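S.K.: Let me give you the structure first, and then I'll get to my questions.
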Amino acid sequence: MPPRGHGDDGMVWRHNGEVTKPTDGHAGRLRVLVLGSTGSIGTQALEVIAANPDRFEVVGLAAGGKNLDTLLRQRVQTGVTNIAVTDDHAAQRAGDIPYYGPDAVTRLIEETEADVVLNALVGALGLRPTLAALESGARLALANKESLVAGGPLVLRAARPGQIVPVDSEHSALAQCLRGGTPDEVAKLVLTASGGPFRGWSAADLEHVTPEQAGAHPTWSMGPMNTLNSASLVNKGLELIETHLLFGIPYDRIDVVVHPQSIIHSMVTFVDGSTIAQASPPDMKLPISLALGWPRRVPGAATSCDFGQPQAWEFEPLDSGVFPAVELARHAGETGGCMTAVYNAANEEAAEAFLTGRIGFPAIVGTIADVLHDADQWALPPATVDDVLDAQRWARERAQRAVAKANPAGAYEKVSGKA
């Protein structure tokens, strides 16, 4: 499969940096609709927007409703009235919420004029909002990688050239590095991974991991699900799939390397042997600001590296024997069809089971492997959103069965004293 670019549908990278959408909004500002506004990415995005009132304005907010107080503060701070809450009870408590219920977010997108839609929702429930944002013609600043991983070809078919811009630091880095060459000059892409809190641990050590330990990331401040996915390396598996879908590079030309300092966010190696890397201290405001303003940069979005101070950057291979999540993702991606949706849905169920003490930490990826092993029926490409939803539903049910069969007195209970 050749690299996407120069007009291929859905491609974030175009060699000259051109984007077809958006045009500047009111008074030269870009109108931004923030989905998942109360989460880690959403709150940081609102800080970026507030710090750059000449560049951006908020025209709508969407959230699930769990952090209702935060959403109500955001409503006051931004002055917006276009707000969606998917939880009916939370919407009733808040009062004066124009969009509520399961389809609230898609209705908000359809009825709000925006230049940029930031999808920072968590999980595969972001798929329909992603498709609605693309249909609206707005640029999609995509933090909800699960919607691209699950929707795959459906999302790419819905997107115009240059319409999707990634928020993940790794893919933002790749988009920047790829400006240094043409598609046929790319030899391989290199994703970096911090290694998570359990870098260097053995498989036996992982048997005793608790949710509290898995929730402590060494370099990044993220939401709880992303932090857990980073600990299991499932997040890097999702990013591997996302890289292939965004940039069209075959899986065998996408490498993953552990870089504990999280300064180099990704690299591109070209056919002449040169490698271009993007470096910056770990701060999500940098890729957020770039996604909002793409292809223009936002001055002062984050601090830069201080090369006047001694420092060491380390790189080491990923131990796939202890952390098999990335290779499982590679297998799912190479198989194609709805297999990546199965991978993601199985993980969401297994991760929840770990957080609630029903399985041990290694069983998260073990559950994904078990579900993928029986998922041959989902190898055909999805024709509709319902095909993706059916695959996810099947994967969740299979994952739930696997969890139910697990020892109820698992590793977590033994460590936490709940056994």
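Backbone N, Cα and C atoms are what each Cβ position is placed from, and that goes for glycine too.
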S.K.: Per TrEMBL, what member of GLU57, GLU110, GLU239 joins ASP168, GLU170 in binding Mn(2+) at one site?
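M.R.: Of the residues offered, the record points to GLU239.
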S.K.: Which of the three DSSP states, helix, strand or coil, fits GLU239 (1-deoxy-D-xylulose 5-phosphate binding site)?
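M.R.: In the DSSP reduction, GLU239 (1-deoxy-D-xylulose 5-phosphate binding site) maps to helix.
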S.K.: Between ASN144 (NADPH binding site) and ASN235 (1-deoxy-D-xylulose 5-phosphate binding site), what C-alpha distance do you get in Å?
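M.R.: With the alpha carbons as reference points, the distance is 12 Å.
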S.K.: Can you tell me how many other Cβ atoms are located within 10 Å of the Cβ belonging to SER40 (NADPH binding site)?
M.R.: 19
S.K.: Of THR38, SER40, GLY64, which is closest to GLU170 (1-deoxy-D-xylulose 5-phosphate binding site) if I measure between C-alpha atoms? They're all binding-site residues.
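M.R.: Looking at Cα distances from GLU170 (1-deoxy-D-xylulose 5-phosphate binding site), the smallest one goes to SER40.
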S.K.: Among the binding-site residues listed here (LYS145, ASP168, ASN235), which has the Cα closest to the Cα of SER40 (NADPH binding site)?
M.R.: ASP168
S.K.: Could you work out which of the binding-site residues (GLY64, ASN144, LYS145, GLU170) has its C-beta surrounded by the smallest number of other C-beta atoms within 10 A?
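M.R.: Each of the binding-site residues GLY64, ASN144, LYS145, GLU170 was scored; lowest Cβ tally within 10 Å is GLY64.
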